[in-house]
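Colleague: One structure follows; several queries about it will come next.
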């Protein structure tokens, strides 16, 4: 291998300081900044560990994988700029993006430019419903997660008066509507369905409305910054309402915001892959670097790299890799993964968990 090239820039930062001519560059795109940067931390932790492990075992036919980090801040406009930067940098493989609202516009560019994208986090069904050939994911869909939440609400919680809140974004509103649809199919109507503004911090009006309407259950579609504030302010006002949210709220930063008010929150998310015995060596390696292995996107990202590895061992052509994966079963840290023709995982299941004030989650009963 020859021709050392230093990878640097305001947007792109290499996880490895040097790349060589025979190295295989992989764009790892997520939020390094902005209100949900914690999810980017999970993604980059998983990517770094997966690439280290793949390279330690010989890489791709002797060539090393080199990750190049890009920050889209989970912002659609910045995601488009990043996607164009990836194109200009000549990278053919993308792990990312994270948020559905930024993943979808970026995927338009990747598809047009012949770049393979495997997202470890974007759950919007629309992403893979457009006939694209180069888009896959290693997570489930809102159309899976919403019914899982609705089923638990109907069968386990059985509340009397339900409100559904969302952050007016593709991910949050899509999930909220999926939950609402699931409840309606179960014969239950919600008292109100409404949106808040992402970034908002004062929820006194919402809390007053919940109290006035005697709401005993709230489903929130969105991310942890707003969920944390809603929990904290609701408990401060004396509300005993049960709250529930998706994997977008299941972040230790939620507990930092809500404190003890986070205890007992219900969340739907992928299983706790850090608790799988076979994954212990990976958990130990991540902990040795003073990083947190518990985040869901650590593992969906690791699995995305394993999937890319399987594809690259077959071909270096993005279209051929996508075609290969849609007919293959890949052994990963999440278990065996296989995809349908749209690029969605077959048989992916979300679980329901109790969230605790210390930032951990246990299986809900």
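Sequential numbering from 1, following the chain as shown.
Any Cβ shown, glycine's included, is placed from N, Cα and C.
Quick caveat, the model's predicted, so the values are computed rather than measured.
The following feature annotations were taken from Swiss-Prot:
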- 74-99: disulfide bond (DISULFID)
- 1-21: signal peptide (SIGNAL)
Colleague: Report the same-chain neighbours of residue 74 (disulfide bond): residues 6+ apart in sequence with Cβ closer than 8 Å to its Cβ, ordered by sequence.
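Modeller: Expected: 30, 31, 34, 35, 36, 39, 97, 98, 99, 101, 102.
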Colleague: If you count Cβ atoms within 10 Å of the Cβ of residue 99 (disulfide bond), leaving out that atom itself, what do you get?
Modeller: 31
